[in-house]
Structure formats: structure tokens, C-alpha cells
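Q: According to TrEMBL, the record shows the following:
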type	residues	note
BINDING	72, 74, 75, 79, 315, 347, 413, 416, 417	Na(+) binding site
COMPBIAS	30-39	compositional bias 'Pro residues'
DISULFID	178-187	disulfide bond
REGION	23-52	region 'Disordered'
TRANSMEM	66-84	transmembrane segment
TRANSMEM	96-117	transmembrane segment
TRANSMEM	138-166	transmembrane segment
TRANSMEM	229-247	transmembrane segment
TRANSMEM	259-280	transmembrane segment
TRANSMEM	300-329	transmembrane segment
TRANSMEM	341-366	transmembrane segment
TRANSMEM	392-415	transmembrane segment
TRANSMEM	443-468	transmembrane segment
TRANSMEM	474-497	transmembrane segment
TRANSMEM	518-537	transmembrane segment
TRANSMEM	549-574	transmembrane segment
């Protein structure tokens, strides 16, 4: 079946070459094009892809620069809050079983695939499909649109962290007490007090600081009335994007040294270690650890498998185009197989470590409240980072120090990930239009960041948190999983597992084993399809701070998600309709039988097309040249 599927790409290539409009011919190797991508004798065998043209391209100055850039992208804010929450919600220690299985059979194989594709073809997410299967080029455009949607809300979360970081430089943290102008009569501070009654209307000082001071959400009537823009958050976001304009020059750009990525990728681990040591010394920390790891085997029969698969795919980040972009700057014979295993392991271990950091503090809060851990561990998402954990920090000795380093860690985690997403878009578009943008990189980067800044303005309003959640749920939710599914199918079934394996052998000197081939061709696509279908069938209503999202907002969210995915079928139609002049040739493309698809020689496919012409319901005109002599 795998061999037969490989014929699809050959057929698509033949149909493309058979058009009256000839494709642009690539320049022959010259002084700036050294020729083959690999030396004679290391071409990966007779089934390997033709060597892609080698254009002048930057290379990573150090191997560690690449590894830190990949780790910096993959390890983001989701590792700190999402994994711990999903872990305890789905059976604690029992969750590690489906999580590990999903990582081994789904996440890591796709992580490896994207690194290998980027390193072999040395181009971004859009033009790479010219060399894999041109009809799927819409995947590249969909990836770029999703990257923009993510930047619209993700940088706002970093701006919130920057606001907290600034507010932490005070003798007493502003969310430590109820004696502030923004507090309400419902504000209740139970730390260090006895006989405190906690009701459904009670709010902690940290919660009111987040909702009423940082967001000022009380001035919004919901999505119907989001209100004006918070100028403090606007200033924070402007500072974030100002930093981003400098990072492409001095951050993870492969053309030179990368001092910034060495700081932004390693600092979070130092901070996590400090917070872990501090959390382990707090009273009640052991309660949180036991709650975190206590297995609940009964939950293995529920939706835990969907949550585990979604967590590993979103955590490792295949499908966002970042791995393709970063790997495209590698040396051709770099061992991307080892890189995939190392960086994936680091990512998963970081998530596991973050669970201890979070739950030692939750155990401490449960001890202080004299309640169960599950009663203080109900917050999820940004609320865990901006309410629960800051509340615990405010009641520690040395609270200012721990608040500063915690929010500094959040800023560095966010910057690394958002830069990776922007770099994926930059690399994809610049590689697609090199003649127009080669000498205008700085101008293009500035324009892209300006678009992202303007697109984020709605998230800076008084009701901006509602917009952030809407974009988070639909902008890069099910749509990115569907894109990864089609990407895997295109590479495994159309480009061909054997052909891709030969490409890997050309780079590494050895071909992927049977395990990787089976995962790429069957297991990983099946897992992705399972997640996509489950996500579409099970969509709980959106609720934030007690606000029930209206029905029309869900429809808007689906339109946002579909706006990126629709690029794929639209480009397919464009490729088949506007680049083909004769309708019978289009019929040949669709009516060809599978019995001939396993034949690899183009002459067989050409002969088949000529035979089909004689029996077609739409015969070609006599002067139509099906097989252009100039392309044979």
C-alpha cells in the first residue's frame, strides 16, 4: 500500500509537467549553487529524492544554538501550567502511562519527521511542498495563518506577565492584601488568619488583582462590549514587540552567535530549580506531591487518552512550521535523529518537573486553608499562573524575590516560543519569495510584527481576556491538529515512506527503522484523526470568570479555525483548475486507477495517460501536447 501511495506524487508531478504553461526552470548550478546536496556515493540510494538546489543559506554557528532554539520553542508556558493540571485531572500518576505511549507513538515520530524534512530540503513551510507534493502547498499557507493567530493572543499573555513583573518590585506585593482601591467587599485573605469563612462569593486578593487591576474586566460587558484599550497593557505589549524586533538579529538567527537564546532557554530551568527547592521546604508540600502522583486507574477508561495525545502534540509543537524553519539552517549531515530524541526527552521531563514545582505550592496552600488539595487546584490555564501561584508566592518569606524570578521565567518562556512562531512565518515567506524579500528582510520583519501588534489590540481591551480565550480555543486548536494530520498523510502516503527514508539515509548514513515507518504511515495519522474527531464531537461551552460565551461567539470561533484550514482545499482547487487548460487532463488526474500507481517509472505513467486519452469522454484536441518534449 505504501508503494502504491508513492505514485500519487509522481502522477501529480507528471500532470504539472504536462501543462501548456511550463513551470519555471531552476537555475543550473553556478558559483552560488554548489550543485548536489550530498557528495557522490552518499545519495541515499536509487530511491532518494533529487538533491534540492543549494542556495546560499545561513548555518547554525554552533550545534548548541540549534538545540537551545528548539528547546526554547517547545518548552513554553503550557509546560508550566497545562501538563500539571491535565495530569492530576486525569488520574495523577496513571496519566503518565497514556502520556508516554502517545509521546512514543505519536509526538516524537512527527517531531523527528519535521526536523528531517527541514534539514533535507532546507526551506520553509511554504516552498517545501514544491519538493514534496505541490498540490498540498496550501498546508504551508495554513501554518503561517495559524502562526499569526497564535501571536495575536500569546504575546498578550506575555504582556500580562510583564505587568506582574513590574508590579513585583515593591516591598509588599500588591496582590497580598485586600487593602487596595480595586478590592471589593468580597475580597477575603485567609492566610495567617483563623475562623475565616469562605463562600461562593469570596475572592482572594490575587484573583481580584488579576481580574480588577490587571485586566479591569469589570468594565466590560462581555464580548458584546469589550470596552476600551488598557494603556498599561498596550505599553507592555509594545515593549514585548520591541524586543522581538531585535531578536531576529541578536537572538536565534543562525548567521552568527546567539547569546540571547542561551539566556532565554536556560534561565527557566534555573528558576524552576529554585522554585522547586523553595516549594519542597514549605509546610504541606508533600500533600501536593502525593496528589500529583497518586494514580487513579479508573480514569484510564475515560477521556484521558484524548487529553494525553493533545498534550503531547501541542507540547512538542509539530505542525507550526518552527521545526522545519530551525532545522533548515542545519548542516546537511547533522544527526537530526539524535536531536529529535534529546529535545523531545527534555521537553517531556520539563513538563514532569513543572508538576512538582506547581503542586508543592498547591499543597502548601491547602495546608494554609485547611482544605483538600483538589479544592485549590481547580484553576487552570492562565489563572494558574496569574492567580494561584502568585497567591502562594505573596505569603512566602522573600516573596518579592520569588515573584520577580517567577514572572521573569514566564517572560523568557513566552519570548522563546513566540519568536519561534514568528521565525517560522518569516522563513516560510522569505523562502517562497526570495527575489522580492532577500534584500528587505528587516523591513519585512518590521511589517510582520506590526501586523501582529495591530491584530493583538482587541486582546488589550477591558474584555480582552474573553478574546484571548476564544483565540486560544479556536485559532490554534483543532485546526493545527488537522493540518498536522494532512502533513503526515502527504509525506507518508504521497511523497512516500521509502522515498523519505532514502532522504534520511542520505543525510545520516542510515535509514529509519520499521518502527518509525509504521508510526509515520499508520499510527501517528490514526492518533491525530482520533484527536480531531474527538475535539469536534466534544466541545464544552466556553466559560471564563463566570461569563458564559454567547452562541454566536462559538460560530465566530469555528470560522476563525476554518479560515486557516480552508487554504488547503482552496489551493488544491487552484492547482487543478487554474494551472490546467484541458478538462480531460483533469479527468485523467482523478480517474487513474490504483493498479498503475505502484509503478515508479514516469514512462509507465505517461503511457497510461496516453492510453486513457483514447477512451476518454473528453478527448484532447489534436494539437494538444500531453507530454511536452521540453519536459521529458
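Residue numbers in this text run from 1 along the chain shown.
Using N, Cα and C of the backbone, Cβ positions are placed for all residues, glycine too.
I'd like to know what surrounds each of these features in this structure.
A: For residue 75 (Na(+) binding site), applying a Cβ distance below 8 Å and a minimum sequence separation of six or more within one chain yields 265, 268, 346, 347, 350, 413, 416, 417.
For residue 178 (disulfide bond), applying a Cβ distance below 8 Å and a minimum sequence separation of six or more within one chain yields 187, 188, 189, 205, 208.
Counting residues 6+ beyond its ends, the transmembrane segment (229-247) has Cβ neighbours under 8 Å at 155-156, 158-160, 162-163, 166, 214-216, 260, 415, 418-419, 422, 445-446, 449, 452-453, 456-457, 460-462, 464 in the same chain.
Long-range contacts of the transmembrane segment (300-329) within its own chain (CB-CB distance under 8 A, at least 6 residues past either end) are made by residues 57-60, 66, 69-70, 73-74, 78-79, 82-83, 86, 89-91, 94-95, 97-99, 101-103, 106-108, 110-111, 113-119, 121-125, 128, 140, 143-144, 146-147, 150, 252, 254, 336, 344, 347-348, 351, 420-421, 423-428, 431, 480-481, 483-484, 487, 527-528, 530-531, 534-535, 538.
Among residues of the same chain six or more beyond the transmembrane segment (341-366), those with a C-beta under 8 A of the stretch's C-beta atoms are 67, 70-71, 74-75, 79-81, 83-84, 87-88, 96, 99, 103, 107-108, 111-112, 269, 272, 275-276, 279-280, 282-292, 312, 315-316, 372-373, 375-377, 384, 388-389, 391-393.
Nonlocal intrachain contacts for the transmembrane segment (549-574), taken as residues 6+ away from its ends with a CB within less than 8 angstroms of a stretch CB, comprise 135-139, 141-142, 145-146, 149, 222-224, 466, 470-471, 473-475, 477-479, 482-483, 486, 539, 541-543.
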Q: Are the transmembrane segment (259-280) and the transmembrane segment (392-415) close enough to be called in contact, which here means at least 3 C-beta pairs under 8 A that are separated by 6 or more residues?
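A: Touching, yes - the transmembrane segment (259-280) and the transmembrane segment (392-415) meet the threshold of 3 or more Cβ pairs under 8 Å.
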Q: Could you name the stretch, out of 96-117, 138-166, 392-415, 474-497, with the greatest number of CB pairs under 8 A to the transmembrane segment (518-537)?
A: 474-497
Q: Three-state secondary structure of residue 187 (disulfide bond) from DSSP?
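A: DSSP assigns residue 187 (disulfide bond) to strand.
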Q: For the transmembrane segment (96-117), give me same-chain residues lying six or more residues beyond its boundaries with a C-beta closer than 8 angstroms to one of its C-beta atoms, as numbers and ranges.
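A: Tertiary neighbours of the transmembrane segment (96-117) are 70, 87, 90, 128, 132, 300, 304-305, 308-309, 311-313, 315-319, 323-324, 327, 336-337, 339-341, 343-344, 348, 352, 484, 488, 491, 500, 503-504, 507, 512, 516, 519-520, 523-524, 527-528.
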Q: Around the Na(+) site formed by 72, 74, 75, 79, 315, 347, 413, 416, 417, which additional residues qualify by having Cβ within 8 Å of the site's Cβ center?
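A: Neighbours within 8 Å of the Cβ centroid, excluding 72, 74, 75, 79, 315, 347, 413, 416, 417: 71, 73, 76, 78, 317, 350.
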Q: Mind checking which residues of the chain, 6+ beyond the ends of the transmembrane segment (66-84), have their Cβ under 8 Å from one of its Cβ atoms?
A: 60, 115, 157, 252, 254, 258, 261-262, 264-266, 268, 292, 311, 314-317, 322-323, 326-327, 329-330, 334, 339, 342-344, 346-347, 350-352, 354-355, 357-359, 380-382, 384-385, 410, 413-414, 416-417, 419-421
Q: Of 315, 417, the binding-site residues given in the record, which has the fewest other CB atoms within 10 A of its CB?
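A: Selected from the binding-site residues 315, 417 on minimum Cβ neighbours within 10 Å: 315.
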